[in-house]
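Novice: Below are the features listed in TrEMBL for this protein:
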{"type": "DOMAIN", "residues": "A:67-258", "note": "domain 'ABC transmembrane type-1'"}
{"type": "TRANSMEM", "residues": "A:7-32", "note": "transmembrane segment"}
{"type": "TRANSMEM", "residues": "A:70-92", "note": "transmembrane segment"}
{"type": "TRANSMEM", "residues": "A:104-123", "note": "transmembrane segment"}
{"type": "TRANSMEM", "residues": "A:135-158", "note": "transmembrane segment"}
{"type": "TRANSMEM", "residues": "A:179-204", "note": "transmembrane segment"}
{"type": "TRANSMEM", "residues": "A:239-258", "note": "transmembrane segment"}
Amino acid sequence: MRKKKNWLVTSLLIIGTLLIFFPLYLTINIALKTPGEMVKPLLSLPDEWRFQNFLDAIEMTNFFQALSNSFIVTFSVVVLTVLTNSLVSYAIARNMHKKFFKGLFYYFVSAMFVPFPIIMLPLVRQTAIAGMDNLIGLIFLYIVFQLSFNVFIYVGYIKSIPVALEEAAVMDGASSWKIFWKVIFPLLSPMNATVAILTALYAWNDFMLPLVILTDPEHATLPLVQYIFQSEFSTNYNLAFASYLLALLPMVIVYLIAQKWIISNVTRGAVK
Amino acid sequence: MTIPAVILFFIFHTFPLLQGIFYSFTNWRGYGDWDFIGLSNYVNVFKDMRALNAYGFTFQFAIVSTVLVNIFSLLIALGLNANIKFQKTLRAVYFLPNILSILIVGFIFQFIFTIFLPQFSDALGIQALATNILGSPDYAWVGVVIMAVWQATAFNTILYLAGLQTVPEDVYEAAAIDGASPWKRFWKITFPLIAPFFTINMVLALKTFLMVFDHIIALTGGGPGYATESISVLIYRGGFEGGQFGYQSANAVIYFIVIVALSIIQLRFLQKREVQQ
C-alpha cells in the first residue's frame, strides 16, 4: 500500500511554501538595499548589497545588549522551568489520590484560562514595589507562569510511567529526592525536551511581559528593542528591516540546526 | 518543592488576580485616592462604545482566524502526512513561522500592506488592491487576520500532524478494500479518529486569538480610530496610559468570564461530538 510518492501533493506543498518564504525574502531584500532603491520595484534584487544597514542597526538598537538580555532570560527560564516544574508535577502526579494534590492540579491547570491582562495591572505595581522590574523578575515570572501549562502536560506523562520502577528503587533504599533525579527525571526526557522547546520559544519571543515589567532600557529584550526602534525610526525601512532580520536570525539559526529534533519533540509532546 | 511552588504561584498569579477583582469595584486611577463604587464600573463597560467595539472586533477576529487556521492547518497536515517527497524538509518549512516573533512578523506585514501591495498593484494596474487595507476602518481587521493566520497555522499543523500519526495504517487498508473514496475515508475514518486533536486545536486557537495583543501593536496600533483595538490592547492602554485602573480591571474581569465561558461551551460542544462518532 501507498508505495508511490504522491507528486501532486508534493507539488502543491512546494508551491505553498512560497507563501512562507515571500515575507522572509522581502525582509532580506529590503534589509540589503539603500533608501534610494526603495522607489524601484520592491521584489527586484538590490543593485549592491549594503551591509552597512546591519552595522547601523546594531549600533542604533544596542543589539548585542538586547541579544544578551534575551539569551540570559531564555536560557535561565528554560533550565529552571524544566528542573522545577517537572519536580512539582511529579509530586502532584504521584499523589493524585490525595484530595490536597488533586485540588492543586486543578488550581494550576485552571489558571491557564486566566487572560494575562487581568493580572497585568496589579502585577506591574507589585513587581515594581518588590524591586522586580528587571531581568531577574522577568525570569522569575516566566517560570511561575509556565507552571500551569507544564503541570498539565507533565502530569499526564508521569501517570503513564509505571510506579513499579520507583518501588524497586525504594526497596534499594533510595530517598524520594534521589528516585526523582536518578529514575524519573531521565524517563521524562521526551517531555523535558518538549517543555524546553515551547518555553524557549515563548520566553524568546514574548513581548507583552517585558513591555509592562521592565523599566530600565538597558534590560530590554530583542522584541522590546524592535518596538522601541520602530516607533522612533520608522521612516528608514532599510534600517528597520536590517534590525528585524538581526532580531529574527538567532532563533532561525538555532531552528535550522535543530529543526528535526524540535519538530519531532513538539509532535511527541502533543500526542501524550 | 510543591509548597514553595504553590506559595509563589499564589503570590504572583492568584494574588494579582484577586487584587484585580478588588480594584474593579473601585474608581482607582492607578495612583492617588480611591473609593468603592460598587458595580458601576461593570455597568459602564456595557455602555462604553470603545469597550463594546473592542469586544466586537476581538470576537470577529478570533472566530474568523480560528476557523481559517484550522482549515489550513488540517489541509497542510494531511498533505505533510501523505507519502510525499522532501517530507522532512517541507515539515521544517511549514513550522518555520511559529518560531518567529509575532511582533516582528507584524512589522513586516505592516510594510507589505502599506507599501508593498499598493506599489505592486500600481505597477500591475490593479485598482482594487491599490489602497492600504490597514488604513480602512472596514477592512483593517482582514489585514490582522491574514497576518495572524500566517503565523499561527504552523503550530496547529504540528498538532494535527501528531494526531494523524496516531491513526493506524491498517484502517485505511480495510477502507480501501471496501472501496471507500478518499473524501469518504477522510470524513468517516480520519476525522473521527483525530477528533480530540480537532477539539484541542479549536479551543487553543480561539483562546489565543481572543487574547490578541502583539499583532495589533505591530500592525495597526488599534487604528484607524479604534477599529482594530482588541480587548487586551484596550485594557493595557486604558489601565497604564489612561488612568483607568479600576475601570479596566472591571473590563478585565468581564473578559476573563467571557474566555472561561467560551472555553467551557466549546469543550462541551466539541467533546459531545467526539463521543457520538
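Using the three backbone atoms N, Cα and C, a Cβ is placed for every residue, glycine included.
For each feature listed, report its degree of burial, its nearest neighbours and the pertinent distances within the displayed model.
Specialist: Long-range neighbours of the transmembrane segment (A:179-204) within the same chain, counting only residues 6 or more positions beyond its ends whose Cβ lies under 8 Å from a Cβ of the stretch, are 70, 73-74, 77-78, 81-82, 85-87, 90, 142, 146, 149-150, 153-154, 157-158, 161, 165-166, 169-170, 222, 251, 261-262, 265-266, 268-269, 272.
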Novice: Excluding the flanking five residues on each side, which residues at least 6 beyond the ends of the transmembrane segment (A:239-258) place their CB within less than 8 Å of a CB in that stretch?
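Specialist: Beyond its ends, the transmembrane segment (A:239-258) has Cβ neighbours at 27-28, 30-32, 53-54, 56-58, 60-61, 63, 66-67, 70-71, 201, 204-205, 222-223, 225-226, 229-230, 233.
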Novice: Which stretch, A:7-32, A:104-123, A:135-158, tops the Cβ pairs under 8 Å count with the transmembrane segment (A:70-92)?
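Specialist: Selected stretch: A:135-158, with the most Cβ pairs under 8 Å.
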